[in-house]
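Pulled from TrEMBL, these are the features on record:
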type     : residues : note
TRANSMEM : 14-32    : transmembrane segment
DOMAIN   : 34-154   : domain 'Piezo transmembrane helical unit'
TRANSMEM : 39-66    : transmembrane segment
TRANSMEM : 78-96    : transmembrane segment
REGION   : 155-180  : region 'Disordered'
REGION   : 205-225  : region 'Disordered'
COMPBIAS : 213-225  : compositional bias 'Low complexity'
DOMAIN   : 292-529  : domain 'Piezo THU9 and anchor'
TRANSMEM : 294-317  : transmembrane segment
TRANSMEM : 337-356  : transmembrane segment
TRANSMEM : 365-387  : transmembrane segment
TRANSMEM : 399-419  : transmembrane segment
TRANSMEM : 431-447  : transmembrane segment
TRANSMEM : 467-486  : transmembrane segment
TRANSMEM : 507-531  : transmembrane segment
DOMAIN   : 567-634  : domain 'Piezo non-specific cation channel cap'
DOMAIN   : 650-813  : domain 'Piezo non-specific cation channel cap'
TRANSMEM : 726-749  : transmembrane segment
């Protein structure tokens, strides 16, 4: 060992010997210390999500447009701004908690109003008004202590003082490498001239300079300066004449201060404008950059937001009653809030993809600024008015905003590091294993996603290929990648020659396919059986109406039962009901499909609720029809016809269906299995006259619950209905599901099993490394701008697929 210390060795042994729980706590604390700035960002965003006011809005915007864009880390000025701003916010909130302010006298009335001015500003009176601000201040002080412990708190001031000692008054020196945000926001020398603007670089350059699309900041010829600079071993070169022009404007405005007040205003404006411009200029045109690619993570964050919108669209609209998107779409209703949110989210994803393909950092910065201000303005000023509730009371909107903040952080990190120089293939095709294989195939199964990605890549990538040729290359690359994954799996799990397949493989893969095919074939029957028995909802009747008509004349009896007249059976009545059919196999088989809550007993008044207002000629004609013994007379009962022969008497035998089945998709029907000897019940009919008024009175003879007055009793058996979320699928019925689901899936399965022979020459390739390298070479020369070579390689790829002999030579195993 080069260095040995007994105390350090004993300390290491001591910590290793600690319990695992304590070691886990140490590790978590070290993680917290290493990412203390992320803790501060999280607390600030959480405070803003809970408070949702203008006071807390400032710091999140500064995080996404200043702190996360600073290189290599946020400056002391930002952290001091955050600390002082938090302290001032706490004092302001405390001051406005006193009751003598007019808006604090009616807090209960105004606390839920989103556009109440104190609620918007954040000075409303409430319990725990400062809890999250104190936690935020504690996190900021914790991060400040961490920076001080590592000597990073005052590094900006040290860098400024050292640069002032080295540089003369007529020179503006940018310290080595890419300067941090504080230097770019503070160091502007007012006495600089055009000839003295230069950039200082260290002798050893370890980073790679990124190629910028805007070449106004490219380096010019090397210059030799004074001897004291050469002794320091530093090289100075000219850079960016625009900075010198701004410095001259600065000097001119400084001279104008003496002459006019307008010059003073211009000078103060430039004092604010120039550092901000310098900050974003250094961000877009860095001297060094650690190129990274986090587009996949940004895409995943946008996808999560898209899913939140789809399943929580009701939270972005005025009314939240329809909380199920499937039920709304099944009724052919597209909510406006859902449509607007989906289009905006999808539009931002398309723009983000375009910026990624064009690799323009300036466009990404502009898009970031617009998106940060636009999202915050919409979420905290427009959305509360649309939904008529505060943002802090909208959980779905809070979740959407938090995921969007994750996207903003990733986007800022992408801007700070710069876009990658080369974008080759899909991110899922970087490795050749089962995980990448199945994820890539799942990616290709998403409707229109592969096509949309291919067209967007063609639009925003420099290429000489036509759209059809581009899609052809993408399809070949996807096919070769899948074959490469299968060949790699065969190498990892080789199958010895002449040995039969293992039972694990046969029963694992084959058994899974058998179960899947059986499930598809019997899916409609299983689905329709379980949808109502397991997940079905009881469909109790709300109104039971009876209408009796003789021979098409004026109805003689109308009555309805509602509310208290519709009663459910208690457990004793239900058990007695079941015992009454003991020994009746048909009845018991029917009753197995119904539970106690599915049976409703309706008690109908025997007196008709409408007068019999038949005209005299129709009355006489009806009497003549009843007196004709040779004719049949029809009695209509709820759209069911019964023939009564011979004559009309006061007792109608076997005409009243005591038990009614109420299906969910058709008219009510009598239940013959529950009637004794399949005979309907008898009822008595009588006509009551009162001066000039007449009405009919009916009474059932064989009632289960005896009543002293005339009445009718009816048992309704209601079928269960499917849940609203699955109603659109259950509405097709068994035959509809077979026609729309099973046959369509069967067609794709049949193509998979029957079209193998036509693709043998493209599927059975022993070694696809050369073809895969040819595809990646096409991507590479396209990124480097060698478009003629791209055409040649594409022609070579097409010739390879047109020539089976050449394909055989290219795909042979290496010997």
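Positions of Cβ are set from backbone N, Cα and C atoms, glycine also.
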Do any residues, 6 or more residues outside the transmembrane segment (14-32), come within under 8 Å Cβ-to-Cβ of it, and if so which ones? 39
Which bits of the chain, at least 6 residues beyond where the transmembrane segment (431-447) starts or stops, bring a Cβ under 8 A of a Cβ in it? 478, 481-482, 484-486, 488-489
At a C-beta cut-off of under 8 Å, are there same-chain residues at least 6 beyond the transmembrane segment (365-387) that contact it? List them, or none. 52, 57, 60-61, 64-65, 114-115, 120, 280, 283-284, 315-318, 320, 337, 348, 351-352, 355, 394, 397, 401, 404, 408, 411-412, 415
Residues from the same chain, set at least six apart from the ends of the transmembrane segment (399-419), whose C-beta lies under 8 A from its own: 41, 45, 49, 60, 64, 68-71, 210, 283, 286, 289-295, 297-298, 301-302, 304-305, 308-309, 312, 356, 359-361, 364-365, 368, 371-372, 375, 379
Within the domain 'Piezo THU9 and anchor' (292-529) only, compute the mean pLDDT. 85
Sequence-distant residues near the transmembrane segment (39-66) by C-beta distance (under 8 Å, 6 or more away from its ends) are 32, 74, 78, 81-82, 85-86, 89, 92-93, 119-123, 132-133, 135-136, 139-140, 142-143, 181, 279, 368-369, 372-373, 376, 380, 384, 390-392, 398, 401-402, 405, 408-409, 412
For the transmembrane segment (294-317), sequence-distant contacts whose Cβ falls under 8 Å of one of its Cβ atoms, 6 or more beyond its ends: 323, 325, 335-338, 340-342, 345-346, 348-349, 352, 356, 383, 386-387, 394-397, 399-400, 403-404, 406-407, 410-411, 413-414, 427
